[in-house]
Amino acid sequence: MTEPIISFKDFSFQYHSQATPTLQNINVDIYPGEKVLVVGASGSGKSTFANCINGLIPFKTKGNITGELYINNQDATVSCLHDRSNVVGTVLQDTDGQFIGLTAAEDMAFLLENNCVEQDDMKKNVSYWAEKVGMIEHLNHRPQDLSGGQKQRVSLGGILIHRTPILILDEPLANLDPATGHETLRLLNNIHEETKSTMIIVEHRLEESLDDTFDRVLLFKDGKIIANTTPSDLLKSSKLKEAGIREPLYCTALKYAEVDVESIDNLANLRDVCMSEHVKFKVKKWIDETSANNDNKYKSEPLLELNEVCVQYSDYSNSVLNNVQLNVYRREMLSIVGHNGAGKSTLAKAICGFLDITGNIQFCNRGFNQLSISERSEFVGYVMQNPNHMISEKMIYDEVALGLRARGMKESDIKIRVENVLKICGLYAFRNWPIAALSYGQKKRVTIASVLVLNPEIIILDEPTAGQDFYHYNEIMSFLIELNRQGKTIIMITHDMHLLSEYSSRTVVLSKGQVVADTTPVLILNDKKICEIASLRQTSLFEMAEYIGISEPQKLVQLFINHDRKVRRQ
């Protein structure tokens, strides 16, 4: 019988800074050549599990270990980090923590340089993998000139060059646009088939992840593995809901249409599911019997106006934003989407005053160009994509209170506002924790809280739900909806196609620094040409409509959104 390449036996791990173990009594074997998906809520122990395999725990991050862990038949606690890196390659969730080169090419070549590979061979290897991960045109770019998604692809290319027998990817889709994420999964599948490596993918985006095939899914909750099974069997169970993970949208739609999902053999394959005449009948019946009116209307009063706005990072580069014309209306929830590097984050930074622009920005008919960053922050709050770029304090409470203290507010008033926001963001229980002890997703919530507490009129959120489990996804979005009802204008930069459909009244699509579409989100996702230009990808609801033969997919999508809202209000 084949020996496992990874074996946990009664394994527990506790960080020195925490009172209880993050991993508790883990027993699991992973075999050579397997492809395993690891899912779980934010802070459930997924990344800690991965870091125990790659050696960051205990060789970099210290803590108390009980039980046994064997990697490639060797006791994992007695080897060194260098030796482990020859067996396990990891693409970290935090791309800035992995990017060490001055250019993309230099970063990808780091291992080859250390191994004294001839320069001609080095260039061939780097070019080959840069082409594979879609970064061939960006090899000479500096890390600060790359988007979060582009940095992640550079890291992926640098790891793939090494060809280790075990490959771990921690949230590989988190910073990628939907189409690129789909291509990444296909690339990883091809690599897995070619190399027969053992692949472990840690991911929140379950619907997108299941586009790929996995041998098993490990589901984490509170530091324990509560499911170790096939994707189809997991979707049939109630374990995802128990763990705070959103099931694929089509699974929820099937249940709303009163389809018995437990009777479906291959539930993880949407095309196979929709071949059933019974499924087709039930879904069409649900659509015919239910109204799908959409009462989302955005307001007609402009709050923020951008006229011919351009941004160019240097005299020798092309414009990142090119003559952008855009109105943001009072009290709307606007989503901005587009491919990696389209200019979405640059647009947000231009509005906030972080970048020099040409053109004109007005706020309530008042010139915005002349205002400083500090003055603009009275009107516009910005939550960056990468939480590490925002965090300044060591403790959670102090980080959220920082802006209020800078404005001279009384400490008693600060306490009330900070604690209220921490409760809404699911962080109150951690208010006295050091930020260093938080997961990436938890850090994201801290940065959202630090901006929400300042109460600006416009709130721009760059990937507000990235790295969040379904429970905190709903908590954050429900809070944003309530802010919107109170008169706040919300701008969301997102790769989550269902988020823009469900929560925004209007969607602006950027491609190569220009606005290429500006209409309702459902119409955007129903336009295959726009989706292709901007690297968007229709949700499984659109795919379900196509497979079943529904001529107007937007009806199914809007019906689902309306029905889902009613169910979650109950």
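Each residue's number is its place along the chain shown, starting with 1.
Note that Cβ sites are derived from N, Cα and C of the backbone, with glycine treated the same way.
Copied from Swiss-Prot, the annotated features are:
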BINDING   G40, A41, S42, G43, S44, G45, K46, S47  ATP 1 binding site
BINDING   G338, H339, N340, G341, A342, G343, K344, S345  ATP 2 binding site
DOMAIN    6-247  domain 'ABC transporter 1'
DOMAIN    304-537  domain 'ABC transporter 2'
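Classification of S44 (ATP 1 binding site) by DSSP places it in coil, neither helical nor stranded.
The secondary structure of H339 (ATP 2 binding site), as reduced to three states from DSSP, is coil rather than helix or strand.
K344 (ATP 2 binding site) sits 31 Å from S44 (ATP 1 binding site), taking the CA atoms of both as reference points. Each of the binding-site residues S42, S44, N340, S345 was assessed for Cβ neighbours inside 10 Å, and the highest tally belongs to S44.
Considering other CB atoms within 10 Å as the measure, the emptiest surroundings among the binding-site residues K46, H339, K344 are those of H339. Ranking the binding-site residues G40, G43 by how many Cβ atoms sit within 10 Å of each one's Cβ puts G40 at the top. Across the structure, G45 (ATP 1 binding site) and A342 (ATP 2 binding site) are spaced 33 Å apart at their Cα atoms. Closest to S345 (ATP 2 binding site) in space, going by CA atoms and restricting to the binding-site residues A41, S42, S44, K46, is S42. Under the three-state DSSP scheme, S345 (ATP 2 binding site) falls in the helix class. Listed in sequence order, the residues S147, D177, T346, L510, S511 complete the 8 Å Cβ shell around the ATP 2 site centroid, once G338, H339, N340, G341, A342, G343, K344, S345 themselves are left out. Using A342 (ATP 2 binding site) as the reference Cα, a 10 A cut-off selects none from the binding-site residues G40, A41, S42, G43, K46, S47. In the predicted model, residues of the domain 'ABC transporter 2' (304-537) average a pLDDT of 89.
In this structure the alpha carbons, written CA, of H339 (ATP 2 binding site) and S44 (ATP 1 binding site) are 30 Å apart. Annotated ATP 1 site G40, A41, S42, G43, S44, G45, K46, S47; additional same-chain residues within 8 Å of its Cβ mean position, judged by their own Cβ, are T48, F220, S439, G441, D469.
It is 26 Å from the Cα atom of G338 (ATP 2 binding site) to that of S42 (ATP 1 binding site).
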